[in-house]
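What follows is a single structure, written as structure tokens, with notes after it.
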Amino acid sequence: GLNDFQKQKIKFTFDFFLDMNHDGSIQDNDFEDMMTRYKEVNKGSLSDADYKSMQASLEDEWRDLKGRADINKDDVVSWEEYLAMWEKTIATCKSVADLPAWCQNRIPFLFKGMDVSGDGIVDLEEFQNYCKNFQLQCADVPAVYNVITDGGKVTFDLNRYKELYYRLLTSPAADAGNTLMGQKP
């Protein structure tokens, strides 16, 4: 099973990335709220085509998540169902490619939420805005960004984000994946 630290990180993903209305469950309206929040953060920089593509992706994501986690088939994914899904998933997950499809599809969407300039790289200012816009409790943003970039040796691009997201979800101990929660390891 998962240790308490892993459960805490999984709870963060549930609360922060999915349960947008904070009612303790994931439902269709949470995905609608995600689109609204995403548009607010990106200040209208989404084209209509991007918006439609993202909306279709979120609809697919919700179907896949429900199919994997909604044990009682009530069109609601509770925290307990979400945790049970992750306990099964993490037991066999060895890389990003082993993550559920809905989770893999979410990664570029989340990355775009940080990379508001659209240049494929999240710089310090964009990361600071991400922490502020999403109300992450980050005491020292530059220090956290330094961990993300390994002291400037690694570019904070989509591949780095994938690696950090995978580590956030699967690592049994504090490591660089915590930076996506605005925390140093």
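The backbone N, Cα and C atoms fix where each Cβ goes, glycine too.
Residues belonging to the domain 'EF-hand 1' (5-41) score a mean pLDDT of 89 in the model. Marked as domain 'EF-hand 1' by Swiss-Prot: 5-41.
For ASP30 (Ca(2+) 1 binding site), other Cβ atoms within 10 Å of its Cβ number 19. Reduced to three states, the DSSP call for ASP30 (Ca(2+) 1 binding site) is helix. Taken from Swiss-Prot, the feature Ca(2+) 1 binding site applies to ASP19, ASN21, ASP23, SER25, ASP30.
Residues or ranges marked as domain 'EF-hand 2' in Swiss-Prot (evidence: sequence analysis): 57-92.
Residues or ranges marked as Ca(2+) 2 binding site in Swiss-Prot: ASP70, ASN72, ASP74, GLU81. DSSP gives GLU81 (Ca(2+) 2 binding site) a helix state. When Cβ atoms from all protein chains are considered, those within 10 Å of GLU81 (Ca(2+) 2 binding site) total 20, not counting its own.
Using a Cβ-Cβ cut-off under 8 Å and counting only residues 6 or more beyond its ends in the same chain, the domain 'EF-hand 3' (102-137) has close neighbours at 16-17, 38, 41-43, 45, 54, 57-58, 60-62, 64-65, 68, 96, 144-145, 148, 155-158, 161-162, 165, 169, 181-182. The domain 'EF-hand 3' annotation in Swiss-Prot covers 102-137.
Within the same chain, residues at least six positions away from ASP115 (Ca(2+) 3 binding site) with a Cβ under 8 Å of its Cβ are ILE121, VAL122, GLU126. Marked as Ca(2+) 3 binding site by Swiss-Prot: ASP115, SER117, ASP119, GLU126.
If one looks beyond the domain 'EF-hand 4' (138-173) by at least 6 residues along the same chain, the residues whose Cβ comes under 8 Å of a Cβ in the stretch are 2-3, 5-6, 9-10, 13, 86, 90, 93, 95-96, 99, 103, 107-108, 110-111, 114, 120-124, 127-128, 131, 179-185. According to Swiss-Prot, the feature domain 'EF-hand 4' maps to 138-173, an assignment based on sequence analysis.
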Beyond the flanks of the domain 'EF-hand 2' (57-92) by 6 or more, those residues with Cβ under 8 Å of it: 1-2, 6-7, 10-11, 14, 18, 24-28, 31, 34-35, 98-102, 105-106, 109, 169-170
Residue among binding-site residues ASP23, SER25, ASP30, SER117, ASP119 with Cα closest to the Cα of ASN72 (Ca(2+) 2 binding site): SER25
Least Cβ-crowded entry, counting other Cβ within 10 Å, from the binding-site residues listed as ASN21, SER25, ASN72, SER117: ASN72
Pairwise CA distance, ASP23 (Ca(2+) 1 binding site) versus GLU81 (Ca(2+) 2 binding site), rounded so that it is a whole Å: 15
Pairwise CA distance, SER25 (Ca(2+) 1 binding site) versus ASP70 (Ca(2+) 2 binding site), rounded so that it is a whole Å: 11
Separation of alpha carbons, ASP19 (Ca(2+) 1 binding site) and ASP119 (Ca(2+) 3 binding site) (Å): 29
